[in-house]
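J.: Before anything else, here's the structure in question.
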């Protein structure tokens, strides 16, 4: 059963602390210039799954596609921002199953991660995280009780930030952050999308949607498998 709770008042939105747009292959030569690195992802299809990987510090991370929906990411040195994972393009309201080993040391997320267009929105359904809870730095919009836990619904705004539509765009980030952390389970994305809509957070046309591991100026390792 899904239950919703919404707030009638909230604090001002702030820029999300960890936001990475369309995720860069670390075994390629790093491009010149930070902006180019930030807007040049590696994407494709691997074993029937869409994948996306992005980093602004190629020397600090290794991303590997495995069999089926499996992928792994190792990052170190407490440097840079890295996001990688597998899923689908386009995204949709689907139930996503996942399992694996997620071991962050510092600021990191394990999340269903995606984008929409018209409006341009970056979204996270955070299943696990390291030392920083992203809902603590965003405007609280409500709660959803589903899949054995309460998720905090929040929104933040990015100004002149890299996105799937260019390197200097203003857009909102939608968040559902699970209170009872886990590294395996299933995510009913449609329930989260409906909860966001009832909280006034509208999505557009789906671009890609992946189970992602993100690390920001931290270290860690993860091997995950996604299916749907």
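From the backbone N, Cα and C atoms, a Cβ is placed for every residue, glycine too.
Feature annotation from Swiss-Prot assigns active site, nucleophile to 122; the stated evidence is sequence analysis. Residues or ranges marked as active site, proton donor by Swiss-Prot on the basis of sequence analysis: 214. Here Swiss-Prot flags 37-227 as domain 'GH11', drawing on sequence analysis. If you look up Swiss-Prot, you'll see 1-19 marked as signal peptide.
Describe the structural context of these features.
T.: Packing around residue 122 (active site, nucleophile) is summarised by its Cβ count: 25 other Cβ atoms lie within 10 angstroms of its Cβ, all protein chains included.
In three-state terms derived from DSSP, residue 214 (active site, proton donor) belongs to an extended strand segment. Residue 214 (active site, proton donor) counts 31 other C-beta atoms within 10 Å of its own C-beta, drawing on all protein chains shown.
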J.: How far is it from residue 122 (active site, nucleophile) to residue 214 (active site, proton donor), counting Cα to Cα, in Å?
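T.: Cα of residue 122 (active site, nucleophile) to Cα of residue 214 (active site, proton donor) measures 14 Å after rounding.
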J.: Looking only at the domain 'GH11' (37-227), what is the mean pLDDT?
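T.: Across the domain 'GH11' (37-227), the average pLDDT comes out at 96.
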